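Peer 1: Below you will find the structure I want to go over with you.
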Amino acid sequence: MVMITLSLLTTPSSSATDSFVFGGCSQLKYAQGSPYENNVNSLLASLVNSAMLNTYNNFTFPGTTSQETLYGLYQCRGDLSSADCGRCVARAVSQLGTLCLDSCGGALQLEGCFVKYDNISFLGVEDKTVVVKKCGPLTAFDSDGLIRRDAVLGYLGSGDGSYKTYRVGGSGNINGVAQCVGDLSASECQDCLSEAIGRLKTDCGAAKWGDVYLAKCYARYSAGGDHSHGGHGKRLRHLGWCFLVFGLI
Ligand SMILES: *[C@@H]1O[C@H](CO)[C@@H](O)[C@H](O)[C@H]1NC(C)=O
Ligand SMILES: *[C@@H]1O[C@H](CO)[C@@H](O)[C@H](O)[C@H]1NC(C)=O
């Protein structure tokens, strides 16, 4: 008989908030010096300003034609202070400017925050595309370890019943964290997290840690604090976008 205790964790160190997880750019480009470029710059500046006040926000900027209407949002990890959220989004936006130079749409996930803009509305649209799936080395989990891991994932999947976009839990040396992008409804967030957590269980099996990032939510767990960092970059293409993912397995 194993006693499973789940607890709220203390805040993870903020040094991890800057780590690059993935970035993606639409292959469509806009013309330099165009009104579209001004719109992208204004939108990204609005995201950075807003992130100093709120952990989530979205913006819609009308363009000169309806095709050029620009949509954008950011989501900080739920435990970040507004100062850390602002710093994280500023960093993500600056990296987006380099990675997605002149791209009509771009998305970037750092450990602490997610930023996305595009001229095709994605606001409030659930998207369970798998962007990153990484599993650590198989470990000698004893049966208690696996039970704890599954209990942590179960907790992340159900929360405490109330609607929370950010969930964190732990049991023994197993920690887990889950986050939805704030434009999802409660049921969409639940559905997205169920999918991410299901994949962690089936695809990572008894791995020491696992990360699954879907387009609108992610779930991660780790035994003993080990985690993926850096690694080799890989490119993948999806729906006219090109993604760069570090440490993809
Ligand atoms: C925005 O989206 C459409 C696809 O609907 C694309 O053809 C268009 O050229 C895009 N970019 C701009 C700058 O309008
Ligand atoms: C976008 O932001 C507006 C204003 O802050 C808010 O009322 C709306 O619910 C948001 N939409 C989504 C899809 O998050």
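Numbering starts at 1 and runs along the chain as displayed.
Cβ atoms are placed via backbone N, Cα and C, with glycine included.
Automatic prediction, not curation, is the source of TrEMBL annotations.
As annotated by TrEMBL, signal peptide applies to 1-16. For 18-122, 123-226, the entry in TrEMBL reads domain 'Gnk2-homologous'.
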Peer 1: As a quick check of your reading of DSSP, tell me how many residues in the domain 'Gnk2-homologous' (18-122) are helical, how many are strand and how many are coil.
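Peer 2: Grouping H, G, I as helix and E, B as strand yields 39 helix, 33 strand, 33 coil.
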Peer 1: In this predicted model, what is the average pLDDT of the domain 'Gnk2-homologous' (18-122)?
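Peer 2: Mean pLDDT for the domain 'Gnk2-homologous' (18-122): 96.
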Peer 1: Just give the helix, strand and coil counts over the domain 'Gnk2-homologous' (123-226), going by DSSP.
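Peer 2: Its residues divide into 35 helix, 34 strand, 35 coil.
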